Amino acid sequence: MYMELYLMFSNFFKSIRWCKVPAFMQAKVEMGLVNEVELKSLLEQETDSPQTNAASLMEQGSLRERRAKAPRNSVVQSFKIVILSNKLNLLLPFGPLAILVHYLTDNKGWFFLLSLVGITPLAERLGYATEQLSCYTGATVGGLLNATFGNVIELIISIIALKNGMIRVVQLTLLGSILSNILLVLGCAFFCGGLVFPGKDQVFDKRNAVVSSGMLLMAVMGLLFPTFLHYTHSEVHAGSSELALSRFISCIMLVAYAAYLFFQLKSQPSFYTEKTNQNEETSNDDEDPEISKWEAIIWLSIFTAWVSLLSGYLVDAIEGTSVSWKIPISFISVILLPIVGNAAEHAGAIMFAMKDKLDLSLGVAIGSSIQISMFAVPFCVVIGWMMGAQMDLNLQLFETATLLITVIVVAFFLQLEGTSNYFKRLMLILCYLIVAASFFVHEDPHQG
């Protein structure tokens, strides 16, 4: 009897230990058709198969090699590498000059222009520092870093604008950031990559593009229903149902974005790194970092703080610039501000495309659009809810229709062949020009 109890508990604990084995294999063990040695061998094959570990092993080896080559620069050397090595940084003094003009004169137009020029080199350096940091983190996390540090500016501007009751500025700026990323940033990255590789169709992971397109379409769906509810006048409680629906959808979108991050970083790591590792094999000479990991983090913090400061001043100058330049506020919010706010993604995506790393370019441009639409927009709705501001997902009919058509066009291009050619490069840029022209002649009746 004791021997039977021992065998029963022994088999029980073995089943817990090997719970990852399929149920039919556990049944064969209990029936004596497979012994323990064979089962352990099958378990090792299941968990250590080449398909699941090849990409992670390649990336780990590449990361170890880069970390071993990490430079140790002094403060002066780091300053020379990051600040003095780029001719575009000659525009850096325009930032302090813009602040000086802001306090000494009332010319909002000049202040706005100087701020735009001053932010441009800072945003490019953000892309550079993020690329350096991605050398120590890997391709997937590197793409998320590019998107995150680029969108910090939009989040700061949005929260400040919400505090000031400028809900429409928040909506238009975030909308413009999405449009700029999926059309202008991606189109320019493809175009610059084509200039470096003129006779080559650059390849990207089509499976990744399909998932990204699905996320963008889900974001559009979340924005469509509050707009349709408003314009069909079918609310159960007029004035409150639209806001309640927006807050509910925002919570769902935040959960979906968290699941997307988990899927991208944990569940399917090889799914997203296979193509990037192939690109790294052909361009290892370009992968040696110029600054250390902590230098990159410090420079990222400095640049982000300075860009955010200038961006905050830009918000206050929007109305004055609209009057001075005689252009609609919607054009400034949807076109001009996002171009500067997305300069980090713009520079990063172009740099990656010029190194034939189109998956990283897509990770920056499309990843940033997903982060804005699935995180920044619903996050602002929730923050506005906490502040008592009636921020909703109703972007109005013209703006929502523009976003819907744009996402459909981009999703169609990304799912065609998994390649970039001159036709796609040209079409994306021309589509953005159409959008820009539309907002130049569009007067927003809800501004204010």
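Every residue gets a Cβ built from N, Cα and C, even glycine.
Per Swiss-Prot, region 'Cation selection' is recorded for 150-185, 341-376. Taken from Swiss-Prot, the feature topological domain 'Cytoplasmic' applies to 31-81, 131-141, 200-209, 265-295, 356-363, 415-425. Per Swiss-Prot, the feature topological domain 'Extracellular' maps to 103-109, 163-178, 231-243, 317-334, 385-393. Sequence annotations record features per position, and here Swiss-Prot assigns transmembrane segment to 82-102, 110-130, 142-162, 179-199, 210-230, 244-264, 296-316, 335-355, 364-384, 394-414, 426-446.
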Using Cβ atoms only, state whether the transmembrane segment (364-384) and the transmembrane segment (296-316) have three or more pairs under 8 Å that are 6 or more apart in sequence. no
Please work out whether the transmembrane segment (394-414) lies in contact with the transmembrane segment (335-355), by counting C-beta pairs under 8 angstroms that are 6 or more apart in sequence and asking whether there are at least 3. no
Stretch in 82-102, 244-264, 335-355, 426-446 most in contact with the transmembrane segment (179-199), if contact is a CB pair under 8 A: 335-355
Taking the region 'Cation selection' (341-376) alone, what is its mean pLDDT? 83
Highest-contact recorded stretch vs the transmembrane segment (335-355), from 110-130, 244-264, 296-316, 426-446, CB pairs under 8 Å: 110-130
With DSSP helix as H/G/I and strand as E/B, how many residues of the topological domain 'Extracellular' (103-109) fall in helix, strand and coil? 4 helix, 0 strand, 3 coil
